[in-house]
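Residues or ranges marked as Fe cation binding site by Swiss-Prot: His185, Asp187, His254. What Swiss-Prot lists as compositional bias 'Basic and acidic residues' is 14-24. Taken from Swiss-Prot, the feature domain 'Fe2OG dioxygenase' covers 165-275. As annotated by Swiss-Prot, region 'Disordered' applies to 1-35, 467-486.
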Amino acid sequence: METSSSSPVKPRRKDKDEDGRAEQEDSADQVGEPHRKLLRLGDILETNEVLLNEAYQQPELTKWLQTAWTEEKSQGTKETQTGAQVFSDPFQICLLPGMLEKGQSQALVAEIIQKVQWSRKQMDLYEFYQSADLSNMPACRLLTNFLQVLRKQVRPWLEKVTNLKLDYVSASCSMYTCGDYLLVHDDLLKDRQVAFIYYLSPWEGAEEWTDEQGGCLEIFGSDDQCFPQFPVQRKIAPKDNQFAFFKVGSRSFHQVGEVTTFDYPRLTINGWFHGDTNEAFVADSLRAFPRLNYLQPDGLNRPPLGLFLNNVYLKGATRRSIQKRIEENSEICLYEFFKREKFELARSQLLADSDTLKWRRQGPANAHNYEVLDLTTARGTILELLQLFRSHAMFDLLRDFTDLDLAGTDAESPTCSVELQRWSHGNYTVLGDGLTSEENTLDLVYYLNAAEGAAVITYLAPDAEMPTAKAPTDGRRSDYDDEEEDDSVLLTITPVDNALNIVYRCEGTTKFTKYVSRNTPLEKGPVFVISCSYKE
């Protein structure tokens with residue numbers, strides 16, 4: 001099949017003006033939310049400068065932190081006077097409650113609400129609001145002063161505590177409203193040595209968040225290959241006027257859990273202390289995610305397509321029409337692909353059979369988080385459909401649909417991978433998860449028990465995940481401006497029951513499945529996806 005080298009997958013786009021208006025309205029609504037919280041701040045301290053808590057400037061505390069930082073106490077250790085805590089497992093992290101003098105966090109929040117301009121950051125890894133770098137915000141007097149405190153007081157103090165050479169600091173403000181999140185990453189980039197988060201939540205009754213409100217800093221352990229593993233090992237809830245910092249390394253995996261409260265935004269000042277090139281950076285850049293397992297067609301199984309497929313897709317004229325559409329657009333969606341009774345039987349079995357079917361969580365956590373079926377436990381209609389996708393009959397059909405050499409005398413050694421996935425709240429895949437196509441590939445995506453907003457797949461142009469832009473201050477990859485994001489998106493697949501999506505993607509094309517927010521309605525239960533890839 002011939003495809004355009006400039007457009008591996010041709011997208012169906014919305015009107016840009018319409019998208020822009022909707023985004024502006026949504027952004028205005030959400031950015032305006034913190035302003036209403038100003039009324040609940042109470043009396044705001046009139047101050048011209050940010051002052052560190054004197055308790056953290058005492059030599060005795062510095063010495064205690066130095067000792068605690070180097071000790072290997074997995075359960076952590078706590079200082080009685082300040083409540084400072086240090087944990088070494090799964091990596092070194094320190095919590096300093098009451099970092100600034102009383103009333104300072106209120107004054108900072110008031111200035112943030114009144115003066116900070118927010119930019120919406122939205123990609124596979126994150127959704128939240130971010131300010132400019134504090135060094136570029138001269139109108140924000142207290143924030144500028146906070147940056148100076150980090151530079152002149154906190155940086156040399158951290159050098160003593162951590163025994164690391166720290167040259168400079170970068171910082172910005174982040175705001176997470178309900179539904180926002182930042183998925184698993186390690187912060188490891190070039191010269192980052194120590195990451196920090198200063199929490200701002202001075203609202204009465206919300207000084208320390210509960211687990212039900214979300215927004216926790218969630219810490220992950222990792223395996224022998226430095227891949228983060230489920231479940232979350234430690235949670236640190238937002239707490240007003242608390243300063244957290246940790247050593248950036250090949251195991252410093254963490255995420256910001258989805259904010260689930262509409263009452264308050266999660267506000268922080270966050271960034272990094274930088275030094276020499278991080279020693280762990282080179283090794284991390286060579287770490288590869290696991291790849292899909294490709295198998296040859298199942299020669300023992302050749303099910304009659306007429307028992308399963310909608311009869312319209314067996315007609316020669318329909319096949320030729322599909323082939324022409326795929327040749328022109330590199331994709332097509334075939335509605336009501338299977339006979340309705342087969343689809344209903346399969347969906348019912350997936351929802352009801354909790355004893356026989358065995359599922360396992362698919363990791364590592366910095367690549368993906370969803371469940372996959374142990375195919376050896378498949379029975380009944382589910383087994384029949386899975387066998388069909390790997391059968392010679394399906395390879396023959398896909399040859400007719402696409403003109404690819406997946407069957408016949410010109411076929412050399414065609415292969416496929418078949419996976420049955422289960423998607424619920426909190427599930428995702430991210431860019432760079434091993435699903436970048438290293439050669440031309442035909443993807444099939446089939447939904448059962450579909451729900452709007454769950455298991456939505458986005459295809460991006462080659463190299464779209466690595467634009468030449470500045471690094472974000474609360475994530476691992478580069479920022480995207482609106483134009484770059486829009487132009488890089490080739491196709492978005494939205495869930496539709498009993499619809500087979502066929503996508504031909506060229507070498508270098510990548511994809512991700514958007515994080516399933518807790519706000520996504522899943523009243524009918526989880527969404528199931530049969531995901532297949534075929535190679536000539």
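FYI, residue positions are counted from 1 along the chain as it appears here.
Glycine too: its Cβ is placed from the backbone N, Cα and C atoms.
Values in this document were obtained by computation on a predicted structure and should not be read as measured data.
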- prompt: Can you tell me how the residues of the domain 'Fe2OG dioxygenase' (165-275) break down into helix, strand and coil by DSSP?
  reply: 3 helix, 59 strand, 49 coil
- line: Between the binding-site residues His185, His254, the one whose Cβ has the fewest other Cβ atoms within 10 Å is His185
- request: Please work out the number of neighbouring Cβ atoms within 10 Å of the Cβ of Asp187 (Fe cation binding site), leaving out its own Cβ.
  value: 19
- prompt: Over the domain 'Fe2OG dioxygenase' (165-275), what is the model's mean pLDDT?
  reply: 96
